[in-house]
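Remarks on the structure that follows.
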Amino acid sequence: MQGKSIRLGIVVAEFNYDITQLMLQKALSHAKFLNAEVKVVIKVPGTFDMPLAIKKLLEKDFIDAVVTLGAVIKGETKHDEIVASQTARKIVDLSTEFNKPVTLGIIGHGATHEQAVERIEEYATRAVEAAIKLVQRTRKIDELKEVKETVIID
């Protein structure tokens, strides 16, 4: 990573704690490896409870992006589908409302506990990487003045 450091907030669900705490550990170590600063970690009861915490972090000038971490495990009803879809929708809304990246490190819906355990590292590290890349790339967009030819930002 070059230039201005990237400052992250992490919102992590306590529900399915055995999974989400490992996700948090992986995310913290990966952010450090990529030289990003994790400024705040907020724990919320479940993924459905994330939007308010995300919004509060996005309001802070010292947060460039928010990483969400959670696991929505399949149950016997469609509750997991409702939780996952409503949370994802609101996360996208908040990202565009505040013009800051919010990345989705939420395992599920439809995942079994075993599948969630297998996906811990993948989802946690990808969410951190996505947040960092999006901050870097949106900064490049902000620096554009006039474009006469196609610009590829990566």
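Note: Cβ is positioned from N, Cα and C throughout, glycine not excepted.
These come from Swiss-Prot:
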- F15, T47, F48, D49, A71, V72, I73, L104: 5-amino-6-(D-ribitylamino)uracil binding site (BINDING)
- E76, T77, R119: (2S)-2-hydroxy-3-oxobutyl phosphate binding site (BINDING)
- H79: active site, proton donor (ACT_SITE)
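On the structure: features taken from Swiss-Prot.
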residue	record	CB count, 10 Å
F48	5-amino-6-(D-ribitylamino)uracil binding site	18
D49	5-amino-6-(D-ribitylamino)uracil binding site	17
A71	5-amino-6-(D-ribitylamino)uracil binding site	29
V72	5-amino-6-(D-ribitylamino)uracil binding site	27
I73	5-amino-6-(D-ribitylamino)uracil binding site	18
E76	(2S)-2-hydroxy-3-oxobutyl phosphate binding site	6
T77	(2S)-2-hydroxy-3-oxobutyl phosphate binding site	8
H79	active site, proton donor	13
L104	5-amino-6-(D-ribitylamino)uracil binding site	19
R119	(2S)-2-hydroxy-3-oxobutyl phosphate binding site	18
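For F15 (5-amino-6-(D-ribitylamino)uracil binding site), the same-chain residues 6+ apart in sequence whose C-beta sits under 8 angstroms from its C-beta are P45, G46, T47, G70, A71. For T77 ((2S)-2-hydroxy-3-oxobutyl phosphate binding site), the spatially nearest entry among the binding-site residues F48, D49, L104 is F48, judged by CA separation. Within 10 Å of the C-beta atom of T47 (5-amino-6-(D-ribitylamino)uracil binding site) sit 30 other C-beta atoms, taking all shown protein chains into account. T77 ((2S)-2-hydroxy-3-oxobutyl phosphate binding site) falls outside any helix or strand according to DSSP and counts as coil.
Put simply, H79 is the one of the recorded positions E76, H79, R119 whose Cα lies nearest to the Cα of D49 (5-amino-6-(D-ribitylamino)uracil binding site). Counting only the Cα atoms, the space from I73 (5-amino-6-(D-ribitylamino)uracil binding site) to R119 ((2S)-2-hydroxy-3-oxobutyl phosphate binding site) is about 12 angstrom. Those residues noted as binding 5-amino-6-(D-ribitylamino)uracil (F15, T47, F48, D49, A71, V72, I73, L104) have their most widely separated CA atoms at a distance of 16 Å. The separation of L104 (5-amino-6-(D-ribitylamino)uracil binding site) from E76 ((2S)-2-hydroxy-3-oxobutyl phosphate binding site), Cα to Cα, is 24 Å.
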